[in-house]
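What follows is a set of notes on a single structure, which appears directly below.
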Amino acid sequence: MKLRGLYAITDSHLLDGKLLEYVEAALQGGVTLLQYRDKSSDEARRLREAEALRDLCERYNTRLIINDDAELAARLNVGVHLGQTDGPLTPARALLGSRAIIGSTCHAQLELAEQAAKEGASYVAFGRFFNSNTKPGAPTCSLELLDQARQQLHLPICAIGGITLDNAAPLVAHGVDLLAVVHGLFGAQSAAEVTRRARAFNELLKV
Ligand SMILES: Cc1ncc(COP(=O)(O)OP(=O)(O)O)c(N)n1
Ligand SMILES: Cc1nc(C(=O)O)sc1CCOP(=O)(O)O
Ligand SMILES: [Mg+2]
């Protein structure tokens, strides 16, 4: 499977009371990867929501990724996204198997991406590129780094952080395969607007 397109990421606060409605709206517009990102410690709710998202993703042929939690990903037989403090990649690959999608946060550091590639990452994520409502304190990353990454890496490249329909085009021009978006997608006033935005993000990637 070619990892290119919109990478939708959920947010428990933003999607409170409308998680499945807004996620399904995004899936209708086209989502390559959906990440379940919930920073709470309510294990029962996390399992319930992740199972519901897995079932929804199956209907739309979208791959589900669990943020931070390789054990939960293994339980649901889906992928995982690991940051630099979320545990090592090699055991996660052993746990999830060779076909699982495993992503790695690399901030603005090519060395981290080279290391992730060696350890079996499926894609590498750089960011943040713009001001982010969801994670304002994340370290910043430049478009120039994307040029270097495109030359040196043979993995799909994901960009994250403050991405909207108005600022995403340069990221694609600099070689990004996956646009990872929270607010720029799910911050919409209606489900219909989420679908419209998802379609528009995918149009940007059709180059
Ligand atoms: C696609 C993608 N890229 C980066 C991140 C950030 O991961 P991390 O640094 O572990 O931060 P948290 O999201 O866990 O707060 C991500 N989740 N997804
Ligand atoms: C979860 C996350 N990680 C980032 C990083 O730079 O690693 S930025 C970010 C937040 C992405 O949400 P939004 O699209 O609302 O800015
Ligand atoms: Mg993390």
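Counting begins at 1 with the first residue displayed.
Placement of Cβ uses the backbone N, Cα and C atoms for every residue, glycine included.
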4-amino-2-methyl-5-(diphosphooxymethyl)pyrimidine binding, same site as Gln35, Tyr36, Arg37, Asp38, Lys39, Thr105, Lys135 - TrEMBL member from Asn67, Asn77: Asn67
DSSP three-state assignment (helix, strand or coil) for Thr105 (4-amino-2-methyl-5-(diphosphooxymethyl)pyrimidine binding site): strand
Candidates near ligand 3 among the binding-site residues Tyr36, Arg37, Asp38, Asp68, Asp86, Lys135, judged by a Cβ under 6 angstroms: Asp68, Asp86
Distance-selected binding-site residues near ligand 2 (C-beta under 6 Å), from Gln35, Lys39, Asp68, Asp86, Thr105, Lys135: Thr105, Lys135
Cα-Cα distance linking Asp86 (Mg(2+) binding site) and Tyr36 (4-amino-2-methyl-5-(diphosphooxymethyl)pyrimidine binding site), given in Å to the nearest integer: 15
Where the C-beta lies under 6 angstroms from ligand 1, the matching binding-site residues among Tyr36, Asp38, Asn67, Asp86: Asn67, Asp86
